């Protein structure tokens with residue numbers, strides 16, 4: 001389970017890093033669009049990298 005969470009966080013970080021170049025072009029539109037359609041309940045580690053989510057398991 002820990003490996004799965006680690007891989008998911010790593011993939012999320014890679015996707016965020018690759019989106020940085022596009023984010024400058026779109027002035028942060030992609031990030032606002034993402035936050036509007038995905039709640040923190042769906043991705044509990046998105047906001048603070050899951051200080052609560054990782055330790056609860």
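Counting begins at 1 with the first residue displayed.
Every residue, even glycine, has its Cβ placed from backbone N, Cα and C.
Looking at 21, 39, Swiss-Prot tags one of them with phosphoserine, and that residue is 21. Residue-level annotations in Swiss-Prot identify, among 29, 49, 49 as sulfotyrosine.
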